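Read through the structure below, which is laid out as structure tokens, and then see the notes.
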Amino acid sequence: MAETDTAGPPTTDSTPSWFTPKRNDGFIVNYPERFQYQPSSKSWTAIKLLAVFCVINLLNYLDRGAIASNGVNGSQGSCTASGTCTSGTGIQGEFSLTNFEDGVLSSSFMVGLLVACPIFATLAERVNPFRLIGVGLSVWTFAVIGCAASFNFWSITICRMLVGVGEASFVSLAAPFIDDNAPAAQKTAWLGIFYMCIPSGYAVGYIFGGLVGGNYSWRIAFIGEAILMLPFAVLGFVIKPLQLKGFSSSGSYGKLRSVDLVASDVQETEASYGNGGAFSIAEDSSAKSSSSLATNARNQLSKFVKEIKELLVNKVYVINVLGYIAYTFVLGAYSYWGPKAGYSIYHMDNADLIFGGITVVSGVFGSLGGGYVLDFMSNTISNGFKLLSATTFIGAILCFSAFCFKNVYVYLALFAIGELFVFAIQGPVNYINLEAVKPSLRPLSMAMSTVAIHIFGDVPSSPLVGVLQLDFRL
């Protein structure tokens with residue numbers, strides 16, 4: 001029998017003070033489930049959990065950096081006017097991809113990510129979330145192996161979509177686990193450490209892809225990624241699962257077991273009455289099972305719609321996500337057009353390398369700094385919004401001012417400091433996403449935030465800025 005958690009807030013004698021949640025002054029978000037103490041698994045400590053999640057996050061973004069690298073992505077074949085032709089390299093060269101196909105390939109994982117994020121978030125109410133992460137990482141591992149074994153554009157594109165599906169479980173569920181296990185006075189700092197792995201993962205992936213793909217083969221790079229992720233996929237199944245706050249550990253699997261119970265009834269009836277009379281009874285039970293599945297599906301859909309509505313009427317959450325969309329829109333445009341602007345305006349031959357280095361350093365220190373500053377201020381929702389407003393405003397002013405100077409060194413210095421402030425929002429913005437909703441809605445809040453910032457943020461921003469530049473000569 002599963003042990004149920006105690007319903008009241010932990011006493012100071014039984015629980016260390018650093019696990020006691022703080023009240024969100026200014027924006028009162030009072031959910032009793034936040035104060036239900038859930039004992040940690042003996043197999044885990046909070047630091048180990050954070051370390052594991054950081055490595056997984058690093059590997060996720062290492063993959064994104066690797067497929068964008070010259071060693072893996074490669075280049076198209078070309079022919080000179082004299083008729084001398086050179087074969088292409090990497091994925092582009094082997095599959096003779098057009099620029100359009102190459103663009104589709106680089107963003108195809110987003111399809112799987114956006115479709116699967118809400119699905120994994122909803123399943124977390126019925127299946128242990130830690131096991132769902134194991135399922136997602138297994139899909140990711142096999143999909144990356146599929147990339148290594150791909151034979152044409154469509155095969156690798158489908159595998160990249162499945163990579164997004166695998167990543168979706170982790171994106172939706174990792175942050176709530178960190179929120180549960182981090183010391184209350186350091187929650188934002190821990191989230192900052194976790195999200196710091198995004199820029200550093202990209203950078204490591206770019207280097208990894210360049211070295212392995214350039215010296216061996218782009219297929220070997222994907223195989224290496226799969227080998228690195230495999231232990232974490234297995235870990236999701238073999239370790240004693242942790243339970244997210246807001247979900248009942250005793251009732252998590254009740255709905256899933258209803259179909260098994262019906263099937264069990266059929267088998268017992270067959271054993272009791274023999275084969276002669278079992279057919280009609282089994283048919284009856286099968287009809288009941290189908291009806292039960294249909295009813296369950298309708299109930300789950302109704303519950304999902306209700307939870308989405310609950311998020312949409314949560315003003316704190318909606319305002320935070322709208323700001324996050326605007327931030328991601330600008331960041332997406334900067335990340336694509338920044339190096340091109342540096343090359344065109346300041347004639348930097350190594351613009352990619354310079355901007356990549358600036359982004360990594362600013363991303364790491366900015367993400368860490370934003371989290372630690374909010375914890376120092378006292379990690380409340382109201383303080384989070386103040387910090388978000390200040391850092392994005394200062395960052396925007398500095399990045400805009402950078403383009404007003406002709407001196408390349410002044411430009412780079414201002415742009416680097418501006419990016420430092422811009423990246424400082426990573427911890428606070430996700431902290432608000434988690435704290436603004438009741439605990440059981442945290443996976444869905446993270447999933448829908450991820451969907452929104454990509455659909456309305458970085459995905460359309462680069463093409464739209466390109467259209468503006470073309471039409472208005474910006």
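Quick reminder: no glycine exception, Cβ is built from N, Cα and C everywhere.
Any TrEMBL annotation is an automated prediction that lacks curation.
Annotated features in TrEMBL:
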type     : residues : note
TRANSMEM : 44-62    : transmembrane segment
DOMAIN   : 49-474   : domain 'Major facilitator superfamily (MFS) profile'
TRANSMEM : 104-123  : transmembrane segment
TRANSMEM : 130-154  : transmembrane segment
TRANSMEM : 190-212  : transmembrane segment
TRANSMEM : 218-239  : transmembrane segment
TRANSMEM : 316-337  : transmembrane segment
TRANSMEM : 353-373  : transmembrane segment
TRANSMEM : 385-403  : transmembrane segment
TRANSMEM : 409-432  : transmembrane segment
- Item | Two-stretch contact, the transmembrane segment (316-337) and the transmembrane segment (104-123), at least three Cβ pairs under 8 Å | no
- Considering only the recorded stretches 44-62, 104-123, 190-212, 353-373, 409-432, state which has the highest number of Cβ pairs under 8 Å to the transmembrane segment (218-239). 44-62
- Message: Using a Cβ cut-off under 8 Å, which residues of the same chain at least 6 positions beyond either end of the transmembrane segment (190-212) come close to it?
- Response: 50, 53-54, 57-73, 174-175, 178-179, 182-183, 218, 220-221, 224, 356-357, 359-360, 362-364, 367-372, 423, 426-427, 430-431
- Mind checking which residues of the chain, 6+ beyond the ends of the transmembrane segment (130-154), have their Cβ under 8 Å from one of its Cβ atoms? 56, 60, 63, 95, 97, 101, 105, 116, 120, 123-124, 160, 162-163, 165-170, 173-174, 177, 219-220, 222-223, 225-226, 229-230, 232-237, 239, 241-243
- Is the transmembrane segment (353-373) packed against any residues at least 6 beyond its ends, judged by a Cβ distance under 8 Å, and which are they? 188-193, 195-196, 198-200, 202-203, 206, 335, 338-339, 342, 387, 391, 412, 415-416, 419-428, 431
